[in-house]
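A.B. asks: Got a structure for you, written out below as structure tokens; questions coming shortly.
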Amino acid sequence: MPEPTKKEENEVPAPAPPPEEPSKEKEAGTAPAKEPSKEKEAGTTPAKDEEEVSPPSALPPGLGSRALERKDSEWSIGESPAGEEQDKQNANSQLSILFVEKPQGGTVKVGENITFIAKVKAEDLLRKPTVKWFKGKWMDLASKAGKHLQLKETFERHSRVYTFEMQIIKAKENYAGNYRCEVTYKDKFDSCSFDLEVHESTGTTPNIDIRSAFKRSGEGQDDAGELDFSGLLKRREVKQQEEEPEVDVWELLKNAKPSEYEKIAFQYGITDLRGMLKRLKRMRREEKKSAAFAKILDPAYQVDKGGRVRFVVELADPKLEVKWYKNGQEIRPSTKYIFEHKGCQRILFINNCQMTDDSEYYVTAGDEKCSTELFVREPPIMVTKQLEDTTAYCGERVELECEVSEDDANVKWFKNGEEIIPGPKSRYRIRVEGKKHILIIEGATKADSAEYSVMTTGGQSSAKLSVDLKPLKILTPLTDQTVNLGKEICLKCEISENITGKWTKNGLPIQESDRLKVVHKGRIHKLVIANALTEDEGDYVFAPDAYNVTLPAKVHVIDPPKIILDGLDADNTVTVIAGNKLRLEIPISGEPPPKAIWSRADKAIMEGSGRIRAESYPDSSTLVIDVAERDDSGVYHINLKNEAGEAHAAIKIKVVDLPDPPVAPTVTEVGDDWCIMNWEPPAYDGGSPILGYFIERKKKQSSRWMRLNFDLCKETTFEPKKMIEGVAYEVRIFAVNAIGISKPSMPSRPFVPLAVTSPPTLLAVDSVTDTTVTMKWRPPDQIGAAGLDGYVLEYCFEGSDNWLPANKDLIDKTKFTITDLPTDSKIFVRVKAVNAAGASEPKYYSQPILVKEIIEPPKIRIPRHLKQTYIRRVGEAVNLVIPFQGKPRPELTWKKDGVEIDKNQINIRNSETDTIIFIRKAERSHSGKYDLQVKVDKFVETASIDIQIVDRPGPPQTVKIEDVWGENVALTWTPPKDDGNAAITGYTIQKADKKSMEWFTVIEHYHRTSATITELVIGNEYYFRVFSENMCGLSEDATMTKESAVIAKDGKIYKNPVYEDFDFSEAPMFTQPLVNTYAIAGYNATLNCSVRGNPKPKITWMKNKVAIVDDPRYRMFSNQGVCTLEIRKPSPYDGGTYCCKAVNDLGTVEIECKLEVKVIYQGVDTPGQPVFLEGQQQSLHNKDF
């Protein structure tokens, strides 16, 4: 067993498991464990005589570690729950609120089966109750069902009874003990306990063997995994064990499971288990056959400490030199190490073996060696001084002491057969002083009364511990007390022992709280109640724990009368609405109950049936006013009187009502969709301050009023908005106080929201002369419901603020000329829009205008499409507009190819800003270069336009057959004379059989003037012709070959070609992919693609990698390979990645696209980027955000 790594105050911790290979039994949940004895399970039940106490029973196979580990986590070793908790459980089991049949105790012989049955009535249960089976106090058998334990449950529908069975199969002696069955359902609980007795089939008692005690019961069998110490504790008088044959520890380790290494180490006194396991691992390696050794060393040897060991090897060649080594160091002959030769045998004797000789040895012969391990075994540890029976009082320190034969030996302690494992939460400590081993119990309790035992590798000892109570004396008894309400109550007593106790009041336990404190300091016990209440009056009793002694006392609480006004305002004012019933309940207190008298203005209010009356109750007095009136307001007095004193209070009652309606409001200002209104507060506020006002409006022709504010308006002015321009409205007011809303005011006088237009836009100078200025502008962006009556144009001279109207009457058009202006003067210009609401804000021209005609050099603006050759076909119309600039009006001159244009053939039209050349029916003669000259004063601007009139070309000039061979004919031809005024773009070649003379096209859009015609039919005679082609099309006529071409047979044997069947199968392939698409929310959207494949592929649509199946928002079509997915009225949540998947037997192909759904702007804030439809962009800019 490895030594502990640390010791504190000579306390020995529990032995640690070996570091090598974890125990399989531990992993399987069958670590060795002991079960509490029957005495511990029974709690406070009286124990039987020592002779009748059965040894601690072991658990059925597989029912060991987990239940006890859970117990150890909650209770320290040696502790048990308080007796009163056991009493509660016994009381609960006696109620039998759930059981209709309880399991009964039984007797069974070893190897036989037994069944326990419990039944629960299910008439009042909505679901199946929970049933648990326990062995002892803590071990839950639910997870231990197996070969030796089976749990079963059934339900009878007719009788509605649940039946639960526990069957023990092939019982063993250690299965005997106390069992418990618990049933729970919601807040209901029921339990019962029963005993199982197992009788031996034979009356013989086997001899006790310390080694067999440490062996796992049923080792290597189905019930392996239990440590059974009951054989040692059953008969204490057996001290000596029978001699056993010599045991080879190495053989045990080699044949044992890793989980048994620690047990073997403790049993045979192994101190270096880790080193032995390492050497054992090396020993298990396969030994190679040796040429030098006829017989090698044994794998391992063992010897007792102080004994002699003999190592023997046999050589194949006796001439070989032999050397012995210990841990790699050569061994020299000495009195300890003796060498001996006998023929081929080489022998090494080691005398007086000590623990330092425990190591690896090997012998070499030539280049070979063989090794072995020597194990020196310590003698067993014996108990030299036995434990002694001890008696102690509760609370004292108890020490149980024994001595063993060796210092610091490994010793195990047990309580009632259960191993004691000291720990931080345990009350048990173990102290080791050389050969002395002491078990220390701090603050002993009656639960510590038990049989304690100690065990070593060579012996064991046990003793009984009895813990009793000390005699109790009452030093200071409790005394009766009388206290005032609110004062502190202190009940104090003193007893001779420092023990706990319980306080009760009127026979019920007292629970501690913030107001009630239970104090225990040494032998003094106090019950302190702060702020005494009337319910604190009663009979109090203190009962010390574990003693049949009580200390009684009586407490009497008195209280003068009090009026409790906590529910009223700071000034004790009560507000009631007129017409409502007031029931004012004032809590009162006092002992004895006081008499209450209500009065108003020195006039008492009597109890009875009047409209204003008083009502009295034990803990309150009530003032009742059936129908409150405004005259009921005033101060009311309440007086209390009893034997302990008097109390008085004044309460103010205020009767309030709704306010009067305000006066009709006045509209002081009107805008396009708003107005400003004012009003006066109501004459009477109802006895409560006005909190605010509600405003409503309606159209004059309508009877439906609409609330304009949902939060109270605190002021007496308001600005209604969002009205329709040009519609007559009325408004009214409601006053609001704490009671409610008044009646509406009279409506205001009708008013119509109107607004002037926005200023005109794009004011610009159109033209200027020496005496006039012509201005132009655009209409206002916003006109409104009042419409637009006209415009007013005004001007003022530079340096003056006097604006003069340019027109006497309103102008309907957006262009006007200001006349009679002085030459060389400068003027500012502005324009206003006028409607029924008045004139708009003026639109100013940004800079002063000089009244003087300005020469503007000419400039021709050739359109982009005319900057290159302008091409038209013969017979089409030519209509060209060329804008220009220049002031005053320029002179224009047109020429064609440097010659004046004949106006009889070509029409020329000129204006102030452009010139037009028009040809009604173009001819090829109209082609040429047209020159335009624009002249203003001495400034000249020119521009040129190339016009090309094209027609279909003529046919090629000649077509010749150059050569004929096989199935081929070589043709040549010459280009046409007339190309139609356009470049020849190609030729079309046709052939005709001489017999039918039906023409068939052979080659189209051919660019060369020679070609080879192939795949002609042998034996036929052909003619050929050629068409010319330009941008206008093919020539009207074609040129044909004069001679024909005969395709001779030349003795060739024609064979019909053999055509193999074409394989039309094809893997799916998308011929038209999906494209990323934008959709408009609320409008159907479609995704299209095309696919081909044979056999016809199966089409699947997916959204975000999820297949679309049976979704009514989607429709899928497939027609002639065109696949369509229709999304009905999509929303932004329908956006994502869509995928079309095509599958057939030859493969699978997918294609994806992204769909984004955008929201149409509808005049309100919407999520996402707004999308404008036609006509909405302009309306958006016209709104003021």
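Even glycines carry a Cβ here, placed using N, Cα and C.
Quick caveat, the model's predicted, so the values are computed rather than measured.
Feature annotation from TrEMBL assigns compositional bias 'Basic and acidic residues' to 1-10. Under the heading region 'Disordered', TrEMBL lists 1-90. Residues or ranges marked as compositional bias 'Low complexity' by TrEMBL: 54-65. The domain 'Ig-like' annotation in TrEMBL covers 379-466, 471-540, 561-654, 858-946, 1068-1156. What TrEMBL lists as domain 'Fibronectin type-III' is 661-760, 761-854, 955-1050.
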A.B. asks: Could you give me the DSSP helix, strand and coil counts for the domain 'Fibronectin type-III' (955-1050)?
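C.D. replies: Tallied per class, the domain 'Fibronectin type-III' (955-1050) gives 0 helix, 49 strand, 47 coil.
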A.B. asks: Could you tell me the mean pLDDT the prediction assigns to the domain 'Ig-like' (471-540)?
C.D. replies: 89
A.B. asks: Helix, strand, coil: count each for the residues of the domain 'Fibronectin type-III' (661-760), based on DSSP.
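C.D. replies: Final tally across the stretch: 0 helix, 35 strand, 65 coil.
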A.B. asks: By DSSP assignment, list the helix, strand and coil residue numbers for the domain 'Fibronectin type-III' (761-854), in that order.
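C.D. replies: Its residues fall into 0 helix, 45 strand, 49 coil.
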